[in-house]
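To start, the structure under review is shown below, and the notes come after it.
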Amino acid sequence: MRLILLGPPGAGKGTQAQRLVERHGIPQLSTGDMLRAAVANGTEVGKRAKAVMDSGQLVSDEIVNQIVSERIDQPDAARGFILDGFPRTVPQAEALTQMLADKGQKLDAVIELKVDESALVSRMEKRVAETLASGGKVRADDNPESFKKRLNEYREKTAPLSAYYASTGELVTLDGMADMDTVTAEIEKALHANA
Ligand SMILES: Nc1ncnc2c1ncn2[C@@H]1O[C@H](COP(=O)(O)OP(=O)(O)O)[C@@H](O)[C@H]1O
């Protein structure tokens with residue numbers, strides 16, 4: 001099964017992706033995680049991406065497309081995957097369609113979590129507080145200024161993906177304001193309906 005999770009930062013994509021991993025035994029491919037790993041490892045890509053990410057802007061399509069294309073060729077993704085944080089622009093979505101076609105694959109569903117923007121800042125602040133309380137490390141872009149930038153980037157560059165995937169007939173939009181278990185149940189329902 002090949003899935004895309006769409007939604008603004010703080011919509012709950014990471015939480016739902018984790019649950020899908022457990023339930024379906026396919027990996028979560030998070031471009032945010034891949035890029036943070038590249039930064040931590042000090043790779044060329046990491047060096048190019050760090051400042052852009054910290055400020056809340058998007059890394060170039062070229063870099064991200066390359067990372068994803070290589071990642072979905074790994075053996076653990078052969079049976080499927082959950083893409084989290086990719087595509088984030090229409091050109092990335094077009095690149096993905098092409099990439100999958102080249103590999104003889106296609107998507108099974110695109111799931112969009114719709115949330116109330118006013119809830120997102122407080123969700124981010126809660127995540128930061130919980131991480132600090134448990135002695136964890138807060139992401140460099142989890143501060144109000146970068147978060148606002150991430151929301152702007154989302155509105156400008158990522159929100160148009162809903163129309164893109166609506167036109168291909170692949171889009172399923174769910175209420176991301178519902179509690180986490182309800183969202184999980186709705187995702188499963190949508191997957192069965194598509195199966
Ligand atoms: N598909 C992508 N295209 C461009 N930049 C990306 C992409 N995925 C992740 N990034 C970079 O990594 C940062 C963090 O991504 P992610 O962990 O997915 O954030 P969020 O928690 O906001 O969903 C983004 O703000 C951006 O700089």
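Each Cβ is built from the backbone N, Cα and C atoms, and glycine gets one as well.
Automatic, uncurated: that is what TrEMBL annotation is.
Among the features that TrEMBL reports, ATP binding site is placed at Gly10, Ala11, Gly12, Lys13, Gly14, Thr15, Arg127, Ala178. Summarising the annotation, TrEMBL assigns region 'NMP' to 30-59. Here TrEMBL flags Thr31, Arg36, Gln57, Leu58, Val59, Gly85, Phe86, Pro87, Arg88, Gln92, Arg139, Arg150 as AMP binding site.
Positions of TrEMBL features highlighted on the structure.
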residue : record           : Cβ neighbours (10 Å)
Gly12   : ATP binding site : 20
Lys13   : ATP binding site : 25
Gly14   : ATP binding site : 18
Thr31   : AMP binding site : 21
Gln57   : AMP binding site : 16
Val59   : AMP binding site : 19
Phe86   : AMP binding site : 23
Arg127  : ATP binding site : 16
Arg139  : AMP binding site : 17
Ala178  : ATP binding site : 15
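Within 10 Å of the C-beta of Thr15 (ATP binding site) we count 13 further C-beta atoms, all protein chains included. Over the region 'NMP' (30-59) the predicted model carries a mean pLDDT of 96.
Among the binding-site residues Gly10, Gly12, Thr31, Val59, Phe86, Arg88, the ones whose Cβ sits under 6 Å from an atom of ligand 1 are, in sequence order, Thr31, Val59, Phe86, Arg88. When the record's AMP-binding residues Thr31, Arg36, Gln57, Leu58, Val59, Gly85, Phe86, Pro87, Arg88, Gln92, Arg139, Arg150 are compared pairwise by CA position, the greatest distance found is 24 Å. Sorting each residue of the region 'NMP' (30-59) by its DSSP state yields 22 helix, 1 strand, 7 coil.
Arg88 (AMP binding site) sits 13 Å from Lys13 (ATP binding site), taking the C-alpha atoms as the reference points.
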